[in-house]
Amino acid sequence: MTQDELKQAVARSAIAYVEGDIIGVGTGSTANFFIDELAKIKDRFKGTVASSEATAARLRGHGIAVLDLNDVAEIAVYIDGADEINAAGAMIKGGGAALTREKIVASVSKKFVCIADGSKLVETMGKFPLPVEVLPMARNAVARQLEKLGGQPKLRLKAGTDEAFVTDNGGNILDVAGLAITDPVALEAQINQIVGVIAVGLFAARGADVCLLGTPEGVRTLTY
Ligand SMILES: O=C(CO)[C@H](O)[C@H](O)COP(=O)(O)O
C-alpha cells in the first residue's frame, strides 16, 4: 500500500467518529482525504470549523458550511493528521503551517481523533523538526531562546524563494531540529513561555484521545 492509500484508509475510518452538529477539521494531506469522505455524509451535520484557509476552501468546494469559531459554543470532535505521534498520544504538528489554528480548534473540541499513516508513530518525538509559529519581529529573538533549549531553529521559507513563509495569521515559522523530546508536556510549556511565540507545534498537554493509524495490515486504533 502507498502512503496515500494508508492516509485514505484512516480518513475513511474516521467517519465513524463524526458526531454532533459541528465538526472540527484539520489541515494537510490526510485531513484532505478526510474532507473528501466527510462530503459524502454532509447531510448528517450542520457545519464545520476549519483549522486553515486551505481547509476552509476545500470544505466550501464540497458545499460544506464553514463557521467562525466565535459563533460556535461546542465542538464534539476534531479530526486532524500529525507529523509525529507517540505512545501517549502527544503529537508534533505544523508541517502544513496550520499549528496555531489547529491548536485552537482542538482546544475547544471534546475529542481529538488523530489520523495518520503508520510512519508517524514514534518512540521519541523530535526527528521531525518542531514547528514554532512566531511574530515576525521576534523571530531572531525567539530563535536564540530555542537554541538555548538545544534546538537548531531554521526559518521556514516560501517554496522556491528566500523569503520567509507567512502563515494564515501573519506569523513566521521556525522549524526546530535536534530536539529529543523526552518530556513533551514540559517542553511545550517551556516554549509557550518564550515571548514572541504564537504557538508551538507540540500537542502534549492536550494530545489525541484516539489515533487511527494506517498500516498495511489495516487501520489500528490507539486510545489514550
Ligand atoms: O499539522 C499539520 C498541518 O499543520 C498536519 O496535520 C501534519 O503536517 C500532517 O500532514 P499530512 O497529513 O500531510 O501528513
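Along the chain as shown, the residues are counted starting at 1.
The backbone N, Cα and C atoms fix where each Cβ goes, and this holds for glycine too.
TrEMBL lists Glu102 with the feature active site, proton acceptor. DSSP assigns Glu102 (active site, proton acceptor) to a helical segment in the three-state reduction.
Sequence-distant contacts (6 or more apart, same chain, Cβ under 8 Å) of Ala82 (substrate binding site) comprise Met91, Ile92, Lys93, Cys114, Ala116, Lys120, Phe203, Ala208, Cys211. What TrEMBL lists as substrate binding site is Thr27, Gly28, Ser29, Thr30, Asp80, Gly81, Ala82, Asp83, Lys93, Gly94, Gly95, Gly96, Lys120.
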Output, ordered by sequence, the same-chain residues six or more apart from Glu102 (active site, proton acceptor) with a CB under 8 Å from its CB, or 'none'. Gly26, Thr27, Ser51, Ser52, Asp80, Lys93, Gly94, Phe203
As a test of the contact definition, list every same-chain residue at least 6 positions from Gly95 (substrate binding site) whose Cβ is closer than 8 Å to its Cβ. Gly28, Asp83, Phe128, Pro131
Going by DSSP, give the three-state secondary structure for Asp80 (substrate binding site). strand
Which of the binding-site residues Thr27, Ser29, Asp80, Lys93, Gly95, Lys120 have a Cβ less than 6 Å from any atom of ligand 1? Thr27, Ser29, Asp80, Lys93, Gly95
Under 8 Å Cβ-Cβ from Ser29 (substrate binding site), six or more apart in the same chain: what's there? Asp4, Lys7, Gly81
Near the substrate site, what residues other than Thr27, Gly28, Ser29, Thr30, Asp80, Gly81, Ala82, Asp83, Lys93, Gly94, Gly95, Gly96, Lys120 in the same chain have a C-beta no further than 8 Å from the centroid of the listed C-beta atoms? Gly26, Ala31, Ala116
